[in-house]
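Engineer: Annotation comment: TrEMBL describes 7-86, 146-220 as domain 'RRM'. Look at TrEMBL and you will find 103-142 tagged as region 'Disordered'. Taken from TrEMBL, the feature compositional bias 'Low complexity' covers 113-130.
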């Protein structure tokens, strides 16, 4: 029987050689643009490696993410996406609210355990709940050219993380980190029209909840 659309996406074929927290950050960076995320779960057990779950607040966001990110190349491996078979603990918490009777808490716990048994996340480290800021018109973006200047990045940001984000846009060439100055980077595209589209889409995007990226055209 086909699984009905729901708030939780199941991801398989995830690259396994990254640390768990790094994988979660990358998944948040890739999937956060589709809507508010409640949880991200990355499994490391012997039989659960290469699997993850992304839990949204609504089905629409999950559906959009599944369609857009199906077969997305994650470290050279295409991500395989489907709707999860059961209700996640995060969704159970959302539906029952933060104040629950003993009976409600048990129902939420049972729902979470059932989700884990059916391939959806049971227990999860909480992902940052803030949604990415919507793209803004860059009034002071500078003179258009093929290179973007990215600032206000967390110090833990890597070139791989930025490449995952910007490579979604046509014409992406490379990311150039400035190691002497953590928090900034340059991103090259083939032409200024392509870089302008990426700027519009990612200016204000939050790699982490409290740090919106500032994207402008690089000064020439």
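Placed from the backbone N, Cα and C atoms, the Cβ positions cover glycine too.
Looking at the shown structure, can you explain where the listed features end up?
Structural biologist: When the domain 'RRM' (146-220) is classified with DSSP, helix, strand and coil residues number 19 helix, 25 strand, 31 coil.
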Engineer: How does the domain 'RRM' (7-86) divide up by DSSP, counting helix, then strand, then coil residues?
Structural biologist: 26 helix, 24 strand, 30 coil
